[in-house]
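As given in TrEMBL:
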{"type": "COILED", "residues": "260-287", "note": "coiled coil"}
{"type": "COMPBIAS", "residues": "295-304", "note": "compositional bias 'Basic and acidic residues'"}
{"type": "REGION", "residues": "293-320", "note": "region 'Disordered'"}
{"type": "TRANSMEM", "residues": "12-31", "note": "transmembrane segment"}
{"type": "TRANSMEM", "residues": "52-72", "note": "transmembrane segment"}
{"type": "TRANSMEM", "residues": "99-120", "note": "transmembrane segment"}
{"type": "TRANSMEM", "residues": "132-151", "note": "transmembrane segment"}
{"type": "TRANSMEM", "residues": "163-188", "note": "transmembrane segment"}
{"type": "TRANSMEM", "residues": "209-228", "note": "transmembrane segment"}
{"type": "TRANSMEM", "residues": "240-263", "note": "transmembrane segment"}
{"type": "TRANSMEM", "residues": "368-386", "note": "transmembrane segment"}
{"type": "TRANSMEM", "residues": "426-443", "note": "transmembrane segment"}
{"type": "TRANSMEM", "residues": "515-538", "note": "transmembrane segment"}
Amino acid sequence: MAAEYALDHMYYWIYILAIILSFFMAWGIGANDVANSFGTSVGSGAITLKQAVVIAWVFEFSGAFFMGGRVADTMKGGIVDPKIFLIPDGKFDKDGAALLMWGMFIAIAVAGVWIALATFYGMPISTTHSIIGSFIGFSMVAKGANSVFWYKEDPKSDLKVGGFAAIVVSWVLTPLIAGMASVILFTFTKIVILRPQNSERRTLIAMPIYYGLTAFIITFFIVYKGSARLKLSDIGNVKATWIAIVVAVGVASLAALIGIPLAKKRLANLEDRKQRKAEQKARDKALIAKVAGDGAKERDEEKGGQGSKTPASRVDDGARPSMTAWQRVKAWYLLVESKTISHDLEFTEHTLDLHSRAEMFDERSEELFSFLQVLTACAAAFAHGSNDTANAIGPLSAVQNIYQGDAVKFDAKKGKLTLPKLEVESWQLAMGGFALGLGFAVWGWRMVRNLGGAVTKMTPSRGFTAELCAAMTVVVASRFGMPISTTQTLVGATVGVGASDDWRNVDWWLFGQFVISWVVTILFAGFGTAAVFAFTIFSPSVQV
């Protein structure tokens, strides 16, 4: 801690509340962003919502804790330069630091509220754009519109576009690239693998290839992004490519030697597993109905007891089915589970009509693609946890470092004050990873329903294609420094898969709502943060 740049102890409460709000924001990211990643897997039936929650909790936490960035920029996105707050004229500005700390606190709060609202209404948004919009809002109030980089040359990008303009470009660029990739790959998959009479055999042959391709893309993304903890930060493109190739060959070999025999065994028991799953679901529903019925009876008995001398409970005691204590505990757990991690994905008549137009393929071939979706789901969760946790934890780390005086450092070589990378503590990454999983467990079903079937029909082959093309788009865009949003990329890939059959297979009205929500994200976060920040900063105060 640099005491000379630290803020007064009276600001300590802001840091404490920032921890709570960061947890809330990470919870919202889990409910929205993480759920988007699993929407296609759950909607296709490759995995259940409950299984998705377990995968998300394990791999999101692992990605956040083991691969999450150990350092972060003071303000993410390069939209606002924190120097105008901390060292505007080359000297440390204590009042400016306090203003920046308060602005970051408001940004976390408003972005968290917007993410929660968007999730409640089932709108897949960019959580990165939410926090960046909040940064723009309070910076404009504090330092004026010129404090924001609306457009700037970005030498790291092949498009040479940076600042706010890069975000606008991403609204069009990322869904378009992912959508086109999905149309091409799924059309190829349909013609070569799924439509022929021997589609099951062709799928078995293609499985190792698809496994290897998926492993290559995900490995390259993780290695290219780098991890200070695993000492991957300085690995160049060539080494990253070779590492990805080695991993891909290894995964493809394992898929051929182990994966295919297991897949054949799974296909042999397909009908039995479907029957057992249906019977178990029926038993669980019966148990839930039983305990719910008992609760309704008890309420009726209480009312009956108030209006008569002979309570209804004495009359119906013999007729009420008996339940053991364990059955009641299990029933109440299943009741909670049915409202969260096992929530039914109910669709409207309009959506079911869209589904009826989709081309259907051999059930056994589709079952084989579910193996691939499990791999992509695990890998996507790990990669997401390693990167997007920073949306909630980055601002918290900034608040902590500003308060402790570590956001400013004197560089003896340069002979001036500089802004170093901020240290992100392990407990913050762990908290973020845990909150991501919790948010998905509680509210994830709201987002899964939309990307898991509301936009277009989802099957294992379609879901795998969408996830793979979204991952490819993210990797290519990251490699060339292009602006990217994982959520918008996945939406574009999902729409592309649906449109590859027939453009009428896509709910374009719902897709239009998604696009509007992307624009509204920046506006709500920006204006909301600006309003709250201005109200708290410029309101008259009276000293007592």
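We count from 1, first residue shown onward.
From the backbone N, Cα and C atoms, a Cβ is placed for every residue, glycine too.
With a threshold of 8 Å between CB atoms, the same-chain residues lying at least 6 positions outside the transmembrane segment (132-151) that come near it are 75-81, 84-85, 99, 103, 106-108, 110-111, 161-165, 167, 521-531, 533-534, 537. Here the transmembrane segment (368-386) has Cβ contacts under 8 Å with residues 33-34, 37-38, 40-41, 44-47, 52, 55-56, 58-69, 200, 203-204, 207, 210-211, 214-215, 218, 221-222, 225, 227, 259, 263, 266-267, 433, 436, 459-461, 463-464, 467-468, 471, 486 of the same chain, all six or more residues outside its ends. Per-residue pLDDT, averaged over the coiled coil (260-287), rounds to 75.
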